[in-house]
């Protein structure tokens, strides 16, 4: 049986070495006598699909990317020169699109995040003291189609006004006849005379002020009788805060007799629950 015959390439390099070398030389010369892919830019892009290499004298065109617009008279094309390099070009012709100018709101400020109105940037809004912001505190310059637009309407600064503060049982506050209070307006509470032998104590902050759009700086105080029991300490004595009756915030100090030491605090205060805080100490050997 005869061995199978081998098929040979009709144009092997061994039979036609001259033809093979000529083709290789033509291929190499076509690539060496050319430019590589054209440069890329942040703001521009080619108007046609890039090729691996370009002939000398071949020209490519650029157009501005989305979000950029052309700024004449700069060139937006380049040419493969005889040195097999692209003629210098930059993307300076294409500049970022910008959002329209927004002025400071009345009684406030509009602050650019990085000093320009170009797309991708932010505009921050703040209000002066005595005013609060209604609307979004930050707007973004965004692309909508081919235009640069703000992400919303600019906010406004509204004057801070407070409703009258709460009334309290067994007490009153100043300016009770006023219907509307402005920023930092303050009222002071006081207690009425008590009907019994012990007076009302004002528990809490006596003065609150109109703070912001949420209202007053704190809760109103209470007017109530606060009276702690007479403090008794065995094997010791009072050194300060003497009295017969002990009302809200009354303070008493103690010391132990010789040979005893104190357990607890040497100073106690009558708190709003009519108890001593901390508890009355003890004197032990």
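We count from 1, first residue shown onward.
Cβ atoms are placed via backbone N, Cα and C, with glycine included.
These numbers come from a predicted model, not from an experiment.
Just one residue in 114, 273 has N-linked glycosylation site written against it in Swiss-Prot, and it is 114. In this structure, residue 99 (disulfide bond) belongs to neither helix nor strand by DSSP; it is coil. Just so you know, the Cβ of residue 210 (disulfide bond) picks up 22 other Cβ atoms within 10 Å once every protein chain is counted. Residue 210 (disulfide bond) is 17 Å away from residue 127 (disulfide bond) when you measure Cα to Cα. Spatially close to residue 99 (disulfide bond) yet at least six residues away along the chain are 117, 118, 119, 121, 141, 148, 149, 150, judged by Cβ distances under 8 angstroms. All protein chains shown were included, and the count of other CB atoms within 10 Å of the CB of residue 228 (disulfide bond) stands at 21.
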